[in-house]
């Protein structure tokens, strides 16, 4: 354990000083390594206290009282080794039982594993070279007159298709495709494009691989956790087909450079998961004159279409205005079965290959709808290209890219948004709630998540009433709440103040529930009671209070 007592912070701080500032939001560089570095420092601080306590217990020691300080002497050299005040080291820990020693050793082992993981992520972050402010333009791929012997063998099955043949394969080899998003849609899409022999693949994604991605983002593995998705995807694709050129862009797509980027590719595939990016990619494709193959998936359903191709409509023709931010549900909120984006990504890849090989597309002006639960596909016709469209119409007003997060009123990310419906006085942190819970303050904890989430995990002392039932003023649910309040009042000391605390997954639905409870008149027990939501919800509880609580 000697290496743990040395000062790792100095070395780590020295490492972080070598990381140049990338100067671009969302890029993998100083911000990522700095976050990992701070995590390592926190673990080091925790390690020190655990190691000192463990040493004090596991040594054979003598101790003598020196005022309020205990000085422990090691039998190896008899010199004072550790000073521990009563506040630092409780009296009953001196005569520790063997199970206490074992528990401390287990804790140290667990912390060592987590620290090793953080160091590995830091090393990966430091190994990534910073990208320039604007991507270096890619050169057009040269056209070729013939396939090599190896290529004929590799692509022999698709070469036998009369619609494709050698001519179509040569067009694929000279084509470049930009994939925006290396997630549930982008992974299978890029996989089949690489396997088919597309000449160049650009891979745009600012995010890093997380464990929750692995059920659907099939290019990434457990070993890539914490690594940039764009680089992880490029590495996996290179193992599949090393003859294809891969250009990863581990950064958030921005209006400052999206147009230049799109102009360097022949076809664009939108595999993003947020509304601002969809408008940004659409406008860039229209201004650059590139076809856009777009898909989306949620729960058991998905859709796919081709925009701005063969005089078909663009995304703005179909959706002139963005939806209200609070009505948009993403996979983190609503969930998704991994194979659903897999199906849509494969169909998306088919349309990209048809366009790149010169076969055209069957989905310009129409949309494919997929119902995975019902097991059927359906095709619907979209509205025609709008003459008054602001970007592709006869007199366009959008002639350059702009701030699409401001335009849509939401962030260009798939992370769950944080609502701010309540004042600070109407909210309580998980830390403060844990403190009052430990002190036995009388209260009712109301869990307003859907039943499917409660089945995953819950706090055992909570009362479960879904938000949907509260919003409907469901009589049975209100009666259940009233009974719980009466029971808590009977069990508490007379005159003690009673409060209601509301919790959900992230602290969004709980705010809505507080508003509903404040307006209720059907539950007289709520009169004059303090009602607060718990900021950050159960995921904040798992991160800050109970590390064993499941995160989902």
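In case you wondered, yes, glycine gets a Cβ from its N, Cα and C as well.
Automatic prediction, not curation, is the source of TrEMBL annotations.
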Annotated range (TrEMBL: coiled coil) out of 45-72, 73-100, 101-128: 101-128
Shortest C-alpha distance to residue 392 (Zn(2+) binding site) - which of the recorded positions 184, 214, 273, 408: 408
Using Cα positions only, nearest of the recorded positions to residue 214 (ATP binding site) (314, 317, 331, 408, 504): 331
Residue 273 (ATP binding site), number of other Cβ atoms within 10 Å: 25
Helix-strand-coil residue split for the domain 'Rhodanese' (439-550), DSSP-based: 48 helix, 17 strand, 47 coil
Integer Cα-Cα distance in angstrom, residue 317 (Zn(2+) binding site) to residue 184 (ATP binding site): 26
Candidate nearest residue 184 (ATP binding site) in space, where candidates are the recorded positions 331, 389, 408, 504 and distance is Cα-Cα: 331
Around the Cβ of residue 389 (Zn(2+) binding site), the count of other Cβ atoms that are within 10 Å: 21
